[in-house]
Amino acid sequence: MESRVFSRAPTIAHVRRPLRESHSNTSCSFISIKPIGAVGEGGNLIWGRQLRPSLLLEAPSPMNARKDILRPVMAAASSPAEGSDSSGDGKVAPIGFFDKYPALVTGFFFFMWYFLNVIFNILNKKIYNYFPYPYFVSVIHLFVGVVYCLVSWTVGLPKRAPIDSNLLKLLIPVAVCHALGHVTSNVSFAAVAVSFTHTIKALEPFFNAAASQFVLGQSIPITLWLSLMPVVLGVSMASLTELSFNWTGFISAMISNISFTYRSLYSKKAMTDMDSTNIYAYISIIALLVCIPPAILVEGPQLIKHGFNDAIAKVGLTKFISDLFWVGMFYHLYNQLATNTLERVAPLTHAVGNVLKRVFVIGFSILVFGNKISTQTGIGTGIAIAGVAIYSYIKAKMEEEKRRGKAA
């Protein structure tokens, strides 16, 4: 799974202070939960796609304050100006490293997001070089992540959020599309060069815009359509002269784009106030159950007959198991880091960061695997990435302007 957008909350106009400072060292604000925008309008996206609602901080009116209260947010611990000791004397709370240097922390999140994504793609391709079974490997990716989530729930980090039948029905279509997109991405990774798969997947914004326009009936500005023209042109140029080109890899990557587009559409209906980590865990569990049957049907007989034995003969049992474990961990962790990064920055910053991430992955995969690319393929890839950057910039700017208008 490739993140969620948290809307930035407007500044609190006023906060009701406790009547007696000596009896409380906390200040309270009140949270109301609302979903934001549709997919085509720059709405919430999970993994670059939609699921999580925005948290908008609003100052309730005196008459409706009690109705609007969902839960108090304890702010004194993080607010140095509001601290007080038991005697009632005001004290300034010490500022921690994370609060003192937020830019460094955000930079660290970006670095780890890029690093884990690059490592995942490289290790994933190395596995396919000696174990070309993408359906089974896709199951391992999800299985390791699900085990990680179950262990986290067991120790209470985070605490498992309950799920009812209504939410389950909403999440199933999202998880099915996620499973299909994940498997077909891996089929493409196994069939062609990593750099070429990521070039094709640069077309995903085009499919998102098309679905928003023709499926949801939303109006997409002409500027967004124009910004997508270089993406289509660049992918076409790269595909015509790609040395590793084959139809299995190309068609699988295109199906992946379509699947992730529909995942975004279904996510719009699955808006919930459940936290992102729990949502991601439930989707991973459902997606794992969806991926197991086709893996058994398509690759099961080959794996039992010679697949496992050939891989063990080539690299040894220890390395084989170790590679599968770590590729699953890197897959889960880079998706989690993408979510954490997204929650720390504005949509525009994250959009630019996402484009740069794809550049890093393509560049490092070419260096590590020594893939030879033609001049036309290189130029086409560059044009496609530039088009995605322009599209992301325009879309993020439009989203910020809408939010400013609502805040005003």
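Yeah, the Cβs are placed from backbone N, Cα and C, and that goes for glycine too.
Whatever TrEMBL says is automated annotation, not expert-curated.
Per TrEMBL, the feature domain 'Sugar phosphate transporter' maps to 105-392.
Here TrEMBL flags 101-123 (among others) as transmembrane segment.
Taken from TrEMBL, the feature transmembrane segment covers 135-155 (among others).
Same-chain residues lying 6+ beyond the ends of the transmembrane segment (170-194) with a Cβ under 8 Å from its Cβ atoms: 1, 46, 51, 121-122, 124-125, 128, 132-135, 137-138, 141-142, 163, 200-201, 242-246, 248-250, 252-253, 255-257, 259-260, 262-263, 266-267, 269-270, 272, 279, 282-288, 290-291, 294, 361-362, 365-366, 369, 371. The transmembrane segment annotation in TrEMBL covers 170-194 (among others).
The feature transmembrane segment is assigned by TrEMBL to 206-227 (among others).
Nonlocal intrachain contacts for the transmembrane segment (247-266), taken as residues 6+ away from its ends with a CB within less than 8 angstroms of a stretch CB, comprise 2, 39, 45-47, 49-50, 170, 173-174, 177-178, 180-182, 184-185, 187-188, 190-192, 196-197, 200-201, 203-204, 207-208, 210-211, 215-216, 239. According to TrEMBL, the transmembrane segment annotation covers 247-266 (among others).
Residues or ranges marked as transmembrane segment in TrEMBL: 278-297 (among others).
TrEMBL lists 317-334 (among others) with the feature transmembrane segment.
TrEMBL lists 355-371 (among others) with the feature transmembrane segment.
Beyond the ends of the transmembrane segment (377-394), by six or more residues, the same chain brings 195-196, 199, 202-203, 205, 223-224, 227-243, 348, 351-352, 354-355, 358-359, 362 to within a C-beta distance below 8 angstroms of the stretch. TrEMBL lists 377-394 (among others) with the feature transmembrane segment.
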Tertiary contacts of the transmembrane segment (278-297), as residues 6+ beyond its ends and Cβ separation under 8 Å: 1, 46, 51-52, 135-136, 138-139, 142-143, 145-146, 149, 152-153, 158, 160-161, 163, 168, 171-172, 174-176, 178-180, 182-183, 272, 332, 335-336, 339
Integer average pLDDT (0 to 100) for the domain 'Sugar phosphate transporter' (105-392): 88
